[in-house]
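Below you'll find the structure, written out as structure tokens, and then a few comments.
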Amino acid sequence: MDKRIFSALITLLVLWVFFVGVYGVDVGRHWDETAFTVPLITKSIENGRILPGYYYYPSVWYHLSLTGLVPDAFAFLKTVDYGDLRESIAHDFKDWLVAASESEAFKLRTRGIFIAVSALSVLWIYFLVLRLRNNHFEALLAAALTGLSWEMGYHMRWIIPHLVMTQFAVLTMMGVVFATRHAEQKKKFLWLYFAAGAAGLTTGTLYNGGVFILPVALALYFYVKESGWRLTDFLKQAGILASVFAGAYLVSTPGTILDPVRFVGNLLYEFKAYALHGVGYTVTSFEHASLLSQYFVFVVFSPYFLISLFFAVASLVGVYVLIKEDRKTAYIFLVPLAAFLIFLISLNTMYVRNFLPVFPFFAMFAAIGVSYFYKKLASHFLFIGLIVFMLVANAVWLFNAAQSIRERHTANYADQLLQYINGRPDVEFAVSSAVQKELSVLSGELPPNVKSESFSPDGLAVFRAFELDPENDETWNKWTPNRFNYTERWFGPYEVNFNYYPGWMGADRIVVMPIKSALKLGIFKNILLLQPN
């Protein structure tokens, strides 16, 4: 296929990812935005500080968020009478920006900026794989798997650093790959310096991004070993790379040295919080590893578990192929990924967003695995057709999910539920009093498979998520997150994967789940489960 076609396809893919992200950008309330990120922007403006005064996250997110105020700053300048400059102009400007930072327009604009930056991971993984494998098909497939993942898509809309870190992590690895593929020493080290700087920014986005200095160090080690350099030469280059890494990090998070007491205190608090508790998201290390495996196998590649399973298997094959063909390159990728995953799994708090920075590399492995399958199969046409079908299914899901966000204030979820119940006459449904009232208004008489007293243990429970008061920690923390099959389905917006974030405080929704799981929530208190014969 002509290279220009691949260039056109990757361009369209990046534009699609950005479009779908912005199309569904109004996701409503987000817990971190409400409690931390957006209020801190306002507070820093009020205090006249150039530092966020908050270091639970490093400061790249803060600088990126401030760019969302640029249009408001220009709007203020248009109101200034330059013939009558007053001493109070600075105060007026501050008040203007404070008001702007509290507006819905600023929040949506800033989300759009985060989407645009996060979407760059699609472009970087394309260039990385193309340089690594010299294979346009593998490069495009890796980019498509990254960009068309619903998990990547809805996380991009949040004003939090995780998906921004993702593109810096991929950018780092891209620099390392370009360095290892250059024969000329000068260009090789220029790319390594670039990678070290990108690794510094990765760390300036999330602290655990520091593991991405490891592939830079490994690339230097392998080159020195092959070239027969003296130890002093190696130490000199290692010192330069370390300086570039540290410099990039400190530029992005200057509070490390300018606000050291608060920085250290925040950092220790954050580590303790993740190590010990997570507001209902607490797990043991073994449980953490098990749930993460399920997430990467059944969920992250696609909302359709068979599609996700296929690409997860392909990713394992891709790892095998890479190790077999280029062991050193495999080490350069696998060492930082293993360090990243082991560190997070060792903590007792699990949020799947923390693992997404390494997903593009699994997409790369999957693309290599799919290419391996392609070479082994006789019917290439049917196989490519299957791959395209699965990618289109992911793309359609992304659009429909964004559309559900836009329609969340007008959609009749009770009517959708009624159709769902009527379409499953052999399934018994236990509905909460709130949902029962909604159904009664629609049809007057409840369907015969909606029960009120005794139920089969295989039945399904139906209730409103907000029947567990989100403002009451005692009830809201009864949810069990991070289970790929926690709910049967839900009727509401798809702005988030509710199976992984049931504690989401955004929009209300009608939840359908197994009765046994619902009983643990305390909503259905007077239900008698029939014992099987």
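Please read every residue number as a count from 1 along the shown chain.
Quick reminder: no glycine exception, Cβ is built from N, Cα and C everywhere.
The feature transmembrane segment is assigned by TrEMBL to 113-132 (among others).
Taken from TrEMBL, the feature transmembrane segment covers 158-179 (among others).
Annotated transmembrane segment per TrEMBL: 191-222 (among others), in sequence order. Within the same chain, residues 57-61, 161-162, 164-165, 168-169, 171-176, 178-180, 182, 234, 237-238, 240-242, 244-253, 267, 328, 331-333, 335-336, 339-340, 343-344, 354, 357 sit at least 6 positions outside the transmembrane segment (191-222) and bring their C-beta atoms closer than 8 Å to a C-beta of that stretch.
Away from its own ends, the transmembrane segment (234-251) comes close to residues 58, 189, 192-193, 196-201, 203-204, 213, 216-217, 220-221, 224, 257 of its chain (Cβ-Cβ under 8 Å, at least six residues beyond either end). Taken from TrEMBL, the feature transmembrane segment applies to 234-251 (among others).
Marked as transmembrane segment by TrEMBL: 263-283 (among others).
Sequence annotations record features per position, and here TrEMBL assigns transmembrane segment to 295-323 (among others). Tertiary proximity for the transmembrane segment (295-323) is limited to same-chain residues at least six positions away from its ends with a CB under 8 Å from its CB atoms, namely 145, 149-151, 329-330, 333-334, 352, 355-356, 359, 362-370, 372-373, 390, 393-394, 397, 482, 484, 497, 499-500.
Taken from TrEMBL, the feature transmembrane segment covers 330-349 (among others).
Residues or ranges marked as transmembrane segment in TrEMBL: 355-374 (among others). Below 8 angstroms of C-beta separation, residues 121, 124-125, 128-129, 132-133, 135, 137-139, 141-143, 145-146, 149, 151-152, 155, 162-163, 165-166, 169-170, 173, 206, 209, 292, 295-296, 300-301, 311-319, 321-322, 333, 337, 340-341, 344, 380, 383-384, 387 of the same chain, each at least six residues beyond the ends of the transmembrane segment (355-374), sit close to that stretch.
Look at TrEMBL and you will find 381-399 (among others) tagged as transmembrane segment.
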